[in-house]
Amino acid sequence: MKILFVLISILYAVYCFSSEEDVDSAYLANELEPVEDINSEQYAALEPKEEQERSCAGMGQDCKDDCDCCLNIATCNCWFGRYFCSCTFGDYQTCLRKKGKCKRNRPQSCPRSNLNRKKG
């Protein structure tokens, strides 16, 4: 069975290479016209579109307050008071504070850590 499979594979490979050579030689002899891609305009490079401003900032991006950060537990951490602010990881209390304070990007639920719970 294995020998039959190998034999069929070899015959198929020879057939593929021979038919490819026929097409190449016919193309070089101008017997075949080049095929035009009908959908070539579809794949043409389009003008780059301007990015729209996101409603929230991802981790490490600039922010003004906690409500600007996307994640439920993300907080806006600022260096030197109000300078160089960016979204960083917070905790469960951050999520609760955002739930009460934020109108946009308000967390639906706050994840609790499973580290302190006993399994048993």
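Including glycine, each Cβ sits where the backbone N, Cα and C put it.
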Bond partner of CYS78 - disulfide, per Swiss-Prot - picked from CYS76, CYS85: CYS85
Cross-link partner of CYS69 (disulfide, per Swiss-Prot) out of CYS67, CYS87: CYS87
Remote residues contacting the domain 'Agouti' (56-95) - C-beta distance under 8 A, at least 6 residues beyond either end: 101-113
Neighbour-count leader, CB within 10 A, disulfide-bonded residues: CYS69, CYS76, CYS78: CYS69
Neighbouring C-beta atoms (10 Å sphere around the C-beta of CYS87 (disulfide bond)): 22
The domain 'Agouti' (56-95) - residue tally per DSSP class, helix then strand then coil: 7 helix, 16 strand, 17 coil
